[in-house]
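S.K.: Quick one: the structure is below, questions incoming.
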Amino acid sequence: MMNQDHHTPILSGFMLGNHRVTTPVILSPMAGVTNWPFRVLCEDYGPDGLYVAEMITARALVAGNPKAFRLTRFAPSEKFRSLQLYGVNPAIVQQAAAMIVDGNLADHLDLNFGCPVPKVTRRGGGSALPWKTDLLQDIIHRVVAVCQPAGIPVTAKIRTGIDDDHSTMREAATIIEGEGCACVTLHARTTAQYYGGHSDWSKIAELKQLVSIPVIGNGDIWSAEDALAMVEQTGCDGVAVGRGCQGRPWLFADLKNAFAGSCQRVSPSLGQVCQVIMRHARLLVDFYDGDETMAVHDLRKHIAWYLKGFPVGGHTRAAFMSCQNLADLQRQLDALDPQIPFPDALSDKPRGRTRYAKKVHLPYGWLDSRRLNNQERQSLYESDVEDASY
Ligand SMILES: Cc1cc2nc3c(=O)[nH]c(=O)nc-3n(C[C@H](O)[C@H](O)[C@H](O)COP(=O)(O)O)c2cc1C
């Protein structure tokens, strides 16, 4: 433990429109993970960061899909409400943005141009989209036009490119800045890299030199020390953390401490982790309107992450996967030894998805031109999906 008194902040935050993000840390949107129960846990550990909801498909929102609307909900404790939209049809994305503004559903809107999932890129969406600079500009222009009068800052999240021969980040960031976005987040991988290997932080440094809006660096932050290293190596204005906080919401306390210049870190015992799991489960029950089965099913992946590295046998882990309600869950948690210390050796190691793409899927002829032709426009807009989950 260190003396907490006199620390010099390493980085004091960045502006998102008129809103100051005091701790320059973003919970990176993760489909199926960053719903409000998880965000609340993270924000409790690290207040003053930015906690972004998982992506919502614009078409689903416009179609009034109840699952999409569930994802727009926030907990009362979430004072700054941050949503992310995905879509390829500019008119639909604009309509979804207008619904968000008119319904006062968010205080910040992020646009997803980074998803690498085949079902998305094969339709020209996510990380495939910035290749078509006119389409990218059209979407951003329309969304900013809807959000700006309401004082809602718009941001965009991109990858470096499609593969090593088809970089997109420079043109994309120039458009993002030119169209009035408040900041840009760069996941420093190509679509082809998917989640494999290490992200190329030099690309974040390159982007920082190119644009004047805040640049948020993203990729492979597994510990507070990684976050400090990214800022030092790239000059980025903040960091976005995805997989590193899976099963470790307390990472946001470490990040807050690190940026405030403190080396205090959180290292919970298994008993303390069990308390977090139970709290997470109760919040999920609220999220699913009292449905305990849905809550404990959603929790399964989180439990695997929470228990990662602890000496808990396969039999016990399997028993968690068959829990059907909170009582089952409590019984399993009670059977664990609360005294077991946190496996610190694992705390800065990769977790979650870590593989390369087998192949990048794109619409036919996509790479032939940086602009959309009429035929592409027609087939793309028609196939804009309602379900574009990761
Ligand atoms: C399960 C999963 C779901 C994700 N969902 C989204 C999403 O909805 N929107 C988005 O922009 N990025 C999404 N991402 C990407 C992350 O936000 C982040 O950019 C990526 O994981 C790299 O950061 P990391 O190395 O800190 O994990 C997802 C990643 C994972 C692993």
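Keep in mind that glycine also has a Cβ here, set from the backbone N, Cα and C atoms.
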S.K.: Need a hand: TrEMBL gives PRO29, MET30, ALA31, LYS157, HIS187, GLY242, ARG243 for FMN, which of GLN84, GLN209, GLN272, GLN275 is also on that list?
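M.R.: Candidate listed by TrEMBL for the same site: GLN84.
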S.K.: Around CYS115 (active site, proton donor), which of the listed binding-site residues (GLN84, LYS157, GLY242, ARG243) come within 10 Å, judging by Cα atoms?
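M.R.: Those near CYS115 (active site, proton donor) - Cα within 10 Å - are LYS157, in sequence order.
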S.K.: Sort out the sequence-distant neighbours of GLN84 (FMN binding site) for me: same chain, 6+ apart, CB within less than 8 Å of its CB, listed by position.
M.R.: PRO29, VAL52, ALA53, GLU54, MET55, ILE56, LEU109, ASP110, LEU111, ASN112, LYS157
S.K.: Please compare the binding-site residues PRO29, GLY242 by how many other CB atoms fall within 10 Å of each one's CB, and tell me which has the fewest.
M.R.: GLY242
S.K.: Can you check which residues sit near ARG243 (FMN binding site), meaning Cβ under 8 Å from its Cβ, same chain, 6 or more apart in sequence, and list them in order?
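M.R.: Correct list: MET30, TYR195, TRP222, PRO350, ARG351, GLY352, ARG353.
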